[in-house]
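Straight from TrEMBL, the features:
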- 12-37: transmembrane segment (TRANSMEM)
- 82-105: transmembrane segment (TRANSMEM)
- 111-132: transmembrane segment (TRANSMEM)
- 144-165: transmembrane segment (TRANSMEM)
- 171-191: transmembrane segment (TRANSMEM)
- 212-229: transmembrane segment (TRANSMEM)
- 249-272: transmembrane segment (TRANSMEM)
- 293-314: transmembrane segment (TRANSMEM)
- 326-350: transmembrane segment (TRANSMEM)
- 357-374: transmembrane segment (TRANSMEM)
- 380-400: transmembrane segment (TRANSMEM)
- 412-431: transmembrane segment (TRANSMEM)
Amino acid sequence: MSQNISIARNTIVQTIGKIISIAAGWATLVILTNYLGAAGFGSYTIMSAYLQFFGVAADLGFVLVSAQLLAEKPQEKDKVFANLLTFRLTTALILFLAPLVIWLFPYSLLIKQGVVILTFSFFIIALLQVFTGLFQKELAMGRALLGELAGRLVLLAVVLIALLAEKGLLFVVWGVVFGSLANLLLVVLLSRRFLKISLAWDREIWLTIWQRSWPITLGIVFNLVYLKADTLILSLTRSEAEVGIYGAMYRVLEVLITFPTMFAGLLLPVLAAAWARQDLITFRQTLQKSLDVVIYLAWPLVIGVAFTAARLSALFGSEFRNSGVILLMLVIATSIIFVGTYFGHVIVAVGRQRSMIWAYALTAAISLVGYLVFIPAYGAYGAAGMTIVAELIMATLGYVMLKKFIGKRPSLSKLGVAFLATVPMAIFLWSGASLPLLVLITGSMLIYGITLYAFGILTREFITALIAIS
């Protein structure tokens, strides 16, 4: 089977799987926010944000590193994977410091108990990263998505039980742990087709893993500062209810950015392989065509939410009804992340992640200062505004540095075309504001697709680029 056909098939499978998984995740989120309310969901948000700071210390960019090393040494796949898994298992133990440190913070006993329980979920997720890297390399991400879907369905079931039996927040947190465990067990089973799972220690491989990982880890640490410091600062300066409102809207961002992450992750081994053999024509063509696709996906997202933000936020419950502006601000940040995430993966593909550490550090510093200034004064609005600023800085720096790394900066000419293509969709959303929300969303997607076709964009070649990146 040709590489393009494999990529096309996996992109389609991933897209379908992601849609189902996101639907399950969205249902869980809506039920959870309506059940817990703003304050209860705020407690859950604080637990998760706190643990992510420890999670990043154990992260080490393992999805990217695993995919890279497995692609570079296919003849030693079993050996490399065994070392990756052992290294991951060892470094993930740092997560268990989190339950000790949480007692130094002025949080409620409920939040502290939740952190202790949720630590096990983060440990399992750390192990899952190695398997995700394997599936990326094998162009078999559908298997990873099956695991993710199983985990989401388990969590959804637990949330429904909690709702019907009034079990409370800690019961839901245990559901997160069991959902992660279901995910891990399934991907372990599905990975056995590709290799034999074992543990190993090889000094040379571990050194290579560390050399590849630490620059990505530093970048992730700085990235986490401007992505999660806002929630922690908000939790220390504002009520749990406001944290819950911001956290619910932020979950929408986290769900949406799985698409560009999935897209770029699938392309990473292809771009890395083209760069390694110095096939610059294939590399640049793939880079440009896939960037165009990302741009065409980002604009309608912003326009769509601009007209439906109030109704979307109301789905989370009566306490979230007035948070439409926060949702729109975070979706604007999401659209920037669409492009910035892609630039970041391209930089990893050419092995220049070390050269971007200063950019992550600068963005983190500016963001932290901004959060400390604007969050105490403006609360969730200040946090959302600084998130936009941070993502814009990071995407801009990534774009500028790409020319230095690959010799030619990718074109952003499709930004204007994509914006014009959203005008008919915007008119429909404005004139049909009283229509059911599902009708609005479906209709706007159809109109945008028709407009792209009328503009001569949605051609056979574009569809091929979308599903095969060929």
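For all residues, glycine too, the Cβ spot is worked out from N, Cα and C.
With pairs at least 6 apart in sequence, the transmembrane segment (326-350) and the transmembrane segment (249-272) have 3 or more Cβ pairs within the 8 Å limit; the two touch. Within the same chain, residues 249, 252, 256, 259-260, 263, 320-328, 331-332, 334-336, 338-339, 342, 412, 414-415, 418-419, 421-422, 425-426, 429-430, 433, 437, 440-441, 444-445, 448, 452, 457, 462, 465-466, 469 sit at least 6 positions outside the transmembrane segment (293-314) and bring their C-beta atoms closer than 8 Å to a C-beta of that stretch. With a threshold of 8 Å between CB atoms, the same-chain residues lying at least 6 positions outside the transmembrane segment (111-132) that come near it are 43-44, 46-48, 50-52, 54-55, 58-59, 62-63, 66, 81, 84-85, 88-89, 91-93, 95-96, 98-99, 102-103, 105, 141, 144, 147, 169-170, 173-174, 176-177, 179-181, 183-184, 187-188, 191, 265.
Panel annotation: around the transmembrane segment (212-229), residues 49, 52-53, 56-57, 59-62, 64-65, 68-69, 344, 348, 353-354, 356-357, 360-361, 363-364, 366-368, 371, 386-387, 390, 394 of the same chain, lying at least six beyond its termini, place a Cβ under 8 Å from a Cβ of the stretch.
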